[in-house]
Amino acid sequence: TSATLALGSPTIMGCCLRQLQLFSTCMAFSLGASVGTWKGAIGNWSMFIWCFCFVLTLLILIVELCGLEGHFPFSWDNFLITCNCYSALLCLSASIIYPIIYIQFFSNSHDWDRTIISTAFSCIAFVAYAMDVTWARAQPNMITGYMATVPGLLKGLETVVACVIFVFLSNTSLYLHQPALEWCVAVYSICFVLSSVAILLNLGKCDSRPSIPFSVFQVVLTLLSVLLYTTALLLWPLYQFNEELGRQLQRSSDVNCSSGISTSVCIWDQQLAVVSLTAINLLIYVTDLVFSTHLNFNSG
């Protein structure tokens, strides 16, 4: 009894962190819903993240309280670290893009305070999930899951940033009937699939097969993603901010950007957001490539 009730034991610490995660995601979701952030892709994305993390954490807590961890045909610890890492990355993305959009929308509204508090709870959720991962890694004889390693976190970041790009691309008028811009969308989709496949293969322990040079395969995939993202970073701003193609070169040229309080992002801001996120993801892929190449040479 003393082992299970001691401060810092898996039961006590795990339950405390789960409850904090549940409370913070529930509060962020509830406050976001109360100010009507269902409207618009950014609001839907943030609300989905908080709801998804809440449900996933609730299911994990139920499994742990019922002692059902050993009934699954996979490593529960690895699954738990993977879920917590992704939940932390998702809450981090919501904590960044939600206030950037909605704090300015509600700056002159009575909903401004609730938007700030919702963002604060989202940040608390991110910290709670990050603490969960850190605490799990600090346990003696703990086998660190792939998502808790630097390569795993980089791959997770690549997929999360790609998802945020897809949120802005939900406005198909940004790229339809423009072959160069449609190519950029294809790049985001291809690289997202490649990163997801790499994560799944690592989680499935397919990298342990001696017949597959998996480390080299990962480097090749990452290099391909770097090259593809480089073309997207060149083509997207070239075609989106070209006056000859009927695009607005400056934000002031888009009348929707100065139309007052709204719950949707204007076209110019969406274009700029995709450019910025493309540059960020390219930097992540380059870091991933350098790190993977360094590991590959050292292991060889």
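Cβ from N, Cα, C; glycine included.
Whatever TrEMBL says is automated annotation, not expert-curated.
Note that this is a predicted model, so its numbers are computed, not measured.
What TrEMBL says about this one:
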- 9-141: domain 'MARVEL' (DOMAIN)
- 146-297: domain 'MARVEL' (DOMAIN)
- 47-67: transmembrane segment (TRANSMEM)
- 79-103: transmembrane segment (TRANSMEM)
- 115-131: transmembrane segment (TRANSMEM)
- 143-168: transmembrane segment (TRANSMEM)
- 180-204: transmembrane segment (TRANSMEM)
- 216-239: transmembrane segment (TRANSMEM)
- 272-291: transmembrane segment (TRANSMEM)
Query raised in the report: List, by number or range, the same-chain residues at least 6 past the transmembrane segment (272-291) whose CB is under 8 A from its CB atoms?
Result: 150-151, 154-155, 157-158, 161-162, 164-165, 168-169, 174, 184, 188, 191, 219, 222-223, 225-226, 229-230, 232-233, 236-237, 240, 251, 265
Query raised in the report: Going along the chain, which residues at least six beyond the ends of the transmembrane segment (143-168) come within the CB cut-off of under 8 Å?
Result: 41-42, 44-45, 75, 77-82, 85-86, 89-90, 93, 97, 133, 136-137, 174, 188, 191-192, 195-196, 198-199, 202-203, 218, 225, 265, 270, 273-274, 277-278, 280-281, 284-285, 287-288, 291-292, 295
Report summary line: Restricted to the domain 'MARVEL' (9-141), the mean pLDDT of the model is 85
Requested in this report: Go ahead and report the DSSP secondary structure tallies for the domain 'MARVEL' (9-141): helix first, then strand, then coil.
Outcome: 109 helix, 0 strand, 24 coil
